[in-house]
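A.B. asks: My structure is below; once you've seen it, I'll send some questions.
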Amino acid sequence: MTKSNTINRIGTPLSATATKVMLLGSGELGKEVIISLQRLGVEVIAVDRYSNAPGHQVAHRSYVIDMTDEVALAELINQEKPDLIVPEIEAIATAKLVELENAGTIRVIPTARAAWLTMDREGIRRLAAEELGCATSPYRFADNLKELQAGCAEIGFPCIVKPVMSSSGKGQSKLSSSADVAAAWDCAAAGGRVDSGRVIVEGFIDFEYEITLLTVRAIGADGEVHTHFCEPIGHVQVNGDYVESWQPQRMHPGALQKAHEIAKRVTDNLGGLGLFGVELFVKDDMVWFSEVSPRPHDTGMVTMASQEQSEFELHAKAILGLPVNVALSTPAASAVIYGRHDGKVVSFEGVAEALHIPGTDIRLFGKPESFARRRMGVALAKAADVDTARKNAKAAAAKVNPVVSS
């Protein structure tokens, strides 16, 4: 890809010259991408499956559709005729995007093929392990309980079972013995994004820590695509759901080099422009590929405090063919603010108290409904070192209380 494939000029929103970007998925990550695009004069259309999603609140126009419905998706694309389509979630009719991109009628970020491959864990795992030769955990796929029982027996215990399509740890189980298999199947069926009924069984890796390596493919001054790496982000997940993250994560130089090599191998194959969140397991100088998202990553919200340009700014600039800057400005951390109760009229207490903690900031996502363990916001903290930043971010998050009135 060269400059001839990118946007050559940026127009004026809501005019005949407008540069139009359509986001498919408008949650908290999409909201920040929209804000970054609007700062660059882009007209943004936000699409999601429910009304008043976070990204809907800041876009020029918004729509509510079933994004897995090929007909509805194609009709909306034809109606709006965006210059770029930016998938922000996995549950999209990606086969239709591939068809439309191959026909030359749309351009998908980073590519329609990348969106299709990463829409579920099977496509990207087979690409990384079987085609690209990346080290991964051992794995099997299963379509029913009997196949799952056989797969778990082959992999051995402990193991992890996940739906091939889910997010934020939904439907994920850690199995200690064969007695856990049936419950894991039911959990995966309940937690999957779509009713595919297919799961992945992963062998347990004895890793020391896990990272997200934000990897950016952007056009350089020479007109060619260059790969940039942000400083590694350490994070803690509970049942597959991001709880806190920090940047930078210290790594053995050999491990960092391997992480760069794996991330570049995978993102080069996926192609296109934009930011990718590459998840990796690390122990000493050993690195295993886990997953990749061709879009900003939830653990990367820390970059709103830690970097010269956040992951959202990087994504927006890269997809528009603009230069990027991945420099770290300060150690920082993020901690999730969770919903505590179920309800649809949501407000927040304790924000002022949280912001009295040195170096902190708060982002409230504006989700119209709260429920227990739903991500409702994030606390950010800058400090001279990561340990202090983590302590302050967690303390700030703990002070913010989402309350519901109904």
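Here the Cβ of each residue, glycine as well, is placed from N, Cα and C on the backbone.
Pulled from Swiss-Prot, these are the listed features:
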BINDING   E28, L29, E88, D298, K367, R374, R375  N(1)-(5-phospho-beta-D-ribosyl)glycinamide binding site
BINDING   R121, K162, S167, S168, G169, K170, G171, Q172, E202, G203, F204, I205, E210  ATP binding site
DOMAIN    126-320  domain 'ATP-grasp'
BINDING   E279, E291  Mg(2+) binding site
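Could you tell me the structural context for the features on the list?
C.D. replies: E28 (N(1)-(5-phospho-beta-D-ribosyl)glycinamide binding site) falls within a helix when secondary structure is assigned with DSSP. In sequence order, P54, M301, R363, F365, K367, R375, V378 constitute the residues six or more apart from E28 (N(1)-(5-phospho-beta-D-ribosyl)glycinamide binding site) in its chain with CB-CB distances below 8 Å.
Cβ neighbours within 10 Å of S167 (ATP binding site), excluding its own Cβ and spanning all shown chains: 19.
Counting Cβ atoms from all protein chains shown, E279 (Mg(2+) binding site) has 20 others lying within 10 Å of its own Cβ.
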A.B. asks: If you draw a 10 Å sphere on the Cβ of K367 (N(1)-(5-phospho-beta-D-ribosyl)glycinamide binding site), how many other Cβ atoms land inside?
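C.D. replies: Around K367 (N(1)-(5-phospho-beta-D-ribosyl)glycinamide binding site), other Cβ atoms within 10 Å: 22.
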A.B. asks: Please report the number of other Cβ atoms within 10 Å of the Cβ of F204 (ATP binding site).
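C.D. replies: Step by step: centre on the Cβ of F204 (ATP binding site), count other Cβ atoms within 10 Å, giving 15.
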A.B. asks: Between E88 (N(1)-(5-phospho-beta-D-ribosyl)glycinamide binding site) and S167 (ATP binding site), what is the CA-CA distance rounded to a whole number of Å?
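C.D. replies: About 12 Å separates the two Cα atoms.
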A.B. asks: For R121 (ATP binding site), just give me the three-state DSSP call.
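C.D. replies: SS state of R121 (ATP binding site) = helix.
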